[in-house]
Structure formats: structure tokens, C-alpha cells
Amino acid sequence: MILDSTLREGEQTPGVNYSPEQRLRIALALDEIGVDFIEVGHPAVSKDVFIGIKLIASQDLNANLLAHSRALLEDIDYVIQADVEWVGIFFCLSNACLRKRFRMSLSQALERISKAIEYAKDHGLKVRFTPEDTTRTEWENLRRAIELAKELKVDRISVADTTGGTHPLRFYTLVKKVVNFGIPVNVHCHNDLGLALANAIMGIEGGATVVDATVNGLGERAGIVDLAQIVTVLYYHYGVKKYRLDKLYEISRMVSEITGIALQPNYPIVGENAFTHKAGLHVSAVLKDPRFYEFLPAEVFGRERTIYVDRFAGKDTIRYYLQKLGINDEEFVKVLLKRVKSSREPFTWDKFIEEVRRLKT
């Protein structure tokens, strides 16, 4: 399953602050894709965030709605008032955090967590508990926290690679150990070392049943798992076909527009170059069968394949575009190819047409 956190983790991207209307617009698009959970935000952050969450909660969405909360009763009160079904309570339990950030003992921290979970449960909320910085927290501290969570009937527990530097094999081992406690497991993987997707996959292999993701991989610092990538991995490698792959490009563009954060052209799945072919050998093969250079055809993602024209072009590239103009002339293919190869500039469609007209006159 997928928990999309574009509206919570994604809003922790520098420069990103959604209006209530933008928050709703993104939530509706995520629901159309079919994500299982939408983390709608942290309602205690500001009035604007709270209003946006309430607006989403007023809709009849299929996704489960979860709001973020510190292990504080006043935070949980905001979640209760926001009318969502789930609360995500987090607290860091590493010795370093307990000593330097919170100045409390492990027993005191567990007592605080216990009160927060019990309060949420008493108010009818389902609870996901995250021992923040799970991957760097001492096992004895984790073990005691997870056993407490199980005793309090927490609904899900999240294994968080908060600083994004964990090796995938180590992450797999940790997730398996947590799964053995019998509580359904989420994984929340940051991308600081470029390992978020790999760790998410290893989390799945270790028994996790929910992966946290964001549109365009938004989030603190280097972000977290990209929604389009993990949904496609589930489709391609695990046969999970319940998500709308044909809507991924659309929501990526929408979130880029709202946030003002553009993607690299070579970004997987939703980048502008993801289904663009340039080298003549590649183009020749793709025109025969896209599977030669596309693991899944562009059409699966509601996208169009692009053939790029510059000096790397071959005859098939030129022939392809000439046929679009109704021209079937092998000698002219050679003439135009020679012209293209002599240029250091790419040939846009308009420039291609202009050159055809010039050479034909």
C-alpha cells in the first residue's frame, strides 16, 4: 500500500506552503490515483494548515486520511478537531535524542508516548507510531517502544530512515525484526544518499505493507521516495495494478506548478526526457518496438514518446518526421540528414519544417 505524504513531508520542502485550496486540489488528485493513505498535514502547525485539512476531511475520499502529531495531547486535540481517522504520532528514542534534545530518560519518554497513544485511542483515532530516526536508535530502546505500542494496540508502526543514510541490506534486516512483533509496518525512507527507493523496496521485501512517498520526491533536505517511482515498482515488479499510472505525469506537473519546483529533465517516469529517444540506433529500434529501450511504454503513463533530432540522428529519425509531413523520399532523407548532422543545434519541430521547406525550394 501507499501512504502519500506530499501534504505533510512534502510541505517541509523549503519554499513550499500550500493554501487550503491547493491542499484540497492535491488530495483529490492523489485519491484519483488510488493511494491508500493521504497524510494530510500537521494541523498544529498553523491555522491555514488546519483549515486545509478540515477541507479535505469534508470530502468523501476513498483514501484513509492521517494527520501528523507530536507526542503531545494538545497536538492530538488538533487532529481530533480536524475530523480525520488516523493520527501519526512520532517521537525520537535514541540515546542521543533523549539526552541532548529532550533531556529525559527512556522511561520518561515511554510514559509520554504511552499517554499520547492512549489519549488518541480514547478519542477513537487509529494510531501509527513512528520511533523517529528508527535506523539509528539503539535496539533496546526500539524494542521497549515497540512492545509498548503493541500493548497499547497501535494500528501501525513506521520504520523511519530519517537521515537517509542506511544501507538497504541493513534496512531490510531492521524491518524484518520489527515485523516480527506482529504490528503492521510502514517504511519512511529519506533520500539523502540516493537510497530511498532501494530502502523502500527492501522494506517491502522485509515485510512492510505501506511505503511513504511524495509527488516528485518532495520533503526535508533531499526528500523521500518518489510516488511515481514506487507505484511503478509495485506495478512492474510486484504485479500491483490498482494505482492509476496514467495520472502520475499529470499530478507531477500540477505539484511542480503549485510548488514552483521544477524537475530535472531526466527524472524517472515523469521527467520531460523520460520517454525521449535521441541516438539514431535507439530511435531505429524504438520505432520497431518501444520495448527495446522502454521498460514500459510511454502510453502506460499517459505520455507520448518523443524522438529528438540533432546530429546524433539516423535515417530512421529523419524518415519518421518526414512521413509525418507526408514525404516519402529516400534521397531527400539523405539530404536532410546531412544537413542535420552538420548542425550543432537541435532541430525542433518548427525548425525541422522550416528546413524541409528551405531544402525543397
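Yeah, the Cβs are placed from backbone N, Cα and C, and that goes for glycine too.
According to Swiss-Prot, the domain 'Pyruvate carboxyltransferase' annotation covers 1-249. For the domain 'Pyruvate carboxyltransferase' (1-249), the model gives a mean pLDDT of 98.
Swiss-Prot lists R8, H68, R128, T162 with the feature 2-oxoglutarate binding site, giving similarity to another entry as the kind of evidence. In sequence order, E39, V40, G41, H42, A67, H68 are the residues of the chain that are 6 or more apart from R8 (2-oxoglutarate binding site) and have a CB within less than 8 Å of its CB.
Residue environment of H188 (Mg(2+) binding site) contains 31 other Cβ atoms, counted within 10 Å of its Cβ in all protein chains. Residues annotated as Mg(2+) binding site in Swiss-Prot: E9, H188, H190.
The active site, proton acceptor annotation in Swiss-Prot covers H282. Residue environment of H282 (active site, proton acceptor) contains 18 other Cβ atoms, counted within 10 Å of its Cβ in all protein chains.
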Cα distance, H188 (Mg(2+) binding site) to R128 (2-oxoglutarate binding site), nearest Å?
12
Does DSSP give R8 (2-oxoglutarate binding site) helix, strand or coil?
coil
Whole-number Å distance between the CA of T162 (2-oxoglutarate binding site) and the CA of H190 (Mg(2+) binding site)?
6
Report the residues of the chain - excluding E9, H188, H190 - with C-beta within 8 Å of the mean position of the site's C-beta atoms, for the recorded Mg(2+) site, in sequence order.
S5, A160, D161, T162, G164, C189, A196, D212, T214, G219, E220, G223, I224, V225
Other same-chain residues whose Cβ falls within 8 Å of the Cβ centroid of R8, H68, R128, T162, the recorded 2-oxoglutarate site, in sequence order:
S5, E9, E39, G88, F90, T130, S158, A160, H188, D212
Compute the C-alpha separation of H190 (Mg(2+) binding site) from H282 (active site, proton acceptor), stating it in Å without decimals.
34
Output, ordered by sequence, the same-chain residues six or more apart from E9 (Mg(2+) binding site) with a CB under 8 Å from its CB, or 'none'.
E39, H188, D212, T214, L218, G219, E220, G223, I224
